[in-house]
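J.: This is the structure I have questions about; it appears just below.
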Amino acid sequence: MATKLIKHGSKAREQMLEGIDILADAVKVTLGPKGRNVLIEQSFGSPKITKDGVTVAKSIELKDKIRNAGAQLLKSAATKAAEVAGDGTTTATVLARALAREGNKLVAAGYNPMDLKRGMDLAVNAVVEEIKKSSKKINSQEEIAQVGTISSNGDKEIGEKIAKAMEEVGKEGVITVEEAKNFSFDVEVVKGMMFDRGYLSPYFVTNSEKMVAELENPFILLFEKKLSNLQPMLPILEAVVQSQRPLLIIAEDVEGEALATLVVNRLRGGLKVAAVKAPGFGDRRKAMMEDIAILTKGELITEDLGMKLENVSIKSLGTAKRVTISKENTVIVDGNGDKKNIEDRVLQIKSQIAETTSDYDKEKLQERLAKLSGGVAVLKVGGATEVEVKERKDRVEDALAATRAAVEEGVVAGGGVTLLHASQPLTKLKVENKDQQAGIEIVIEALKDPLKQIVENAGENGGVVVGKLLEHKDKNYGFNAQDMQYVDMIKAGIIDPAKVVRTALQDATSVASLIITTETLIVDEPSDKAEPMPMRGGMGGMGGMDF
């Protein structure tokens, strides 16, 4: 076991804060309409250029273990904000740094860290209520486009394309993003389906940055029962390997030896495979699997019809242009199903909806109908170079997530204005002691930082702008950093999803609270040994299968 380095008290927190500063300084430059790009070296290929806070944060790893512990904690605030709301990562980073730094100063001055935390939590809960009160629901295509435009750093085309995609498949519809083969940026609606089942093992992931498994032009095996042994599947697996195409297995479950064998072969490169549980339960599961079979022109392998896995040929497998699997969802895009068969299935489900008397059954049938007939909107992002396409694709994905958040919880005035004005009622909060009051004041000061940073990235004095806005009673009055003018933010279309603002603050406070209440830090002591040579990859030919 490696020996440990143990640090206590303010020394530990100070070193952690140094790591937090390093990460926050790299991330904060991306905030606002005049935020700058960050260039990140890749282990292979050309460098990545991004204005996405969480991408910058994820790329940072510090050599010093204690500083790195602080940086990783701050990174978790950005990552959580991205996971929950899809945006607000830079805001979360800026807030967390401000809260942690001010909190640490007070702990060093003798304030009780637990009471500081209680005061901070009181203040944050009050701000969250204020955000909910001031949020405005969005309905029109124009409002949806505004959110998409702001979340993509002012790219109007991205906002308009997202609004168009939502109009095509509905606000709750499935929208995916992929790279185009040309310069254009288009919206295409294709046959497709999404269901709420994710990969059965993280070892199936092909894109570790986004933690998703992406299968291009895969075969799809649909099996009604549980898979616990792969022996009956050997002939079909060998045929798939020979075809050099990926395989998606959808079954009631894949467990034990079968799952372990698939994972081993996926890691060794012999078989590009992923496995997910079938959606639904009981008879509904079977019906949904039949829907997928029709959508992908495959067969549901069911023992009721006397079908056995060992007799299945490649002709019984479904196919699709692409399948994307996350931890929670599977999206099948452009299944190879026959259009007439899909239409017949849709009519069959419609007649079942008309006949059923159960509201629950009707709701579930309508869900199936929406999945089968709604299709998938694909945002195809093009550009002149690979670097440009990847950078724009990242912005489209962020903007799409933020737009979904806006549809869910409404929008508030953007540009850091909502957080700034939400700090004003905090002075009236009742507390038990002066330490809790100090916790509230930490939050009041930190809420000014996102707006200050946006203004400073635009080349103006943040403190002066904050002072001017606090004198104004209109909560929507703010500073348009793009045009360098004071405006009504809502009327000017400068809006943020309420969910993004709320999540950024809650995640930042959670991380800052952890830092100020940390008294002891234990990390591995730096090793004097030279780092081992990296293992060389290599997997030739079709061999190496381990069934």
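Yeah, the Cβs are placed from backbone N, Cα and C, and that goes for glycine too.
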J.: Using only what Swiss-Prot says about ATP binding by Thr30, Leu31, Gly32, Pro33, Lys51, Asp87, Gly88, Thr89, Thr90, Thr91, Asp496, identify which of Gly173, Gly192, Gly415 is listed for that site too.
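T.: Between Gly173, Gly192, Gly415, Swiss-Prot records just one in the ATP site with Thr30, Leu31, Gly32, Pro33, Lys51, Asp87, Gly88, Thr89, Thr90, Thr91, Asp496, namely Gly415.
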J.: Select from 149-169, 380-400, 422-442, 527-547 the stretch of residues annotated by Swiss-Prot as region 'Disordered'.
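T.: It is 527-547 that Swiss-Prot annotates as region 'Disordered'.
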J.: For Thr90 (ATP binding site), which DSSP three-state class applies?
T.: helix
J.: Taking the residues the record says bind ATP (Thr30, Leu31, Gly32, Pro33, Lys51, Asp87, Gly88, Thr89, Thr90, Thr91, Gly415, Asp496), how far apart in Å are the two Cα atoms that sit farthest from each other?
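T.: Site span for ATP, by Cα atoms: 17 Å.
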J.: Taking the Cβ of Gly415 (ATP binding site) as reference, which residues of that chain separated by at least 6 in sequence fall under 8 Å from it?
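T.: Non-local contacts for Gly415 (ATP binding site): Gly32, Leu451, Ile454, Gly478, Phe479, Asn480, Ala481, Met489, Ile494, Asp496.
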J.: Given the binding-site residues Thr30, Thr90, which one is most crowded in terms of C-beta atoms within 10 angstroms?
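T.: Of the binding-site residues Thr30, Thr90, the highest Cβ count within 10 Å belongs to Thr90.
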J.: Let me check the 10 A CB neighbour count of Gly32 (ATP binding site). How many other CB atoms are there?
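T.: A 10 Å sphere around the Cβ of Gly32 (ATP binding site) contains 27 other Cβ atoms.
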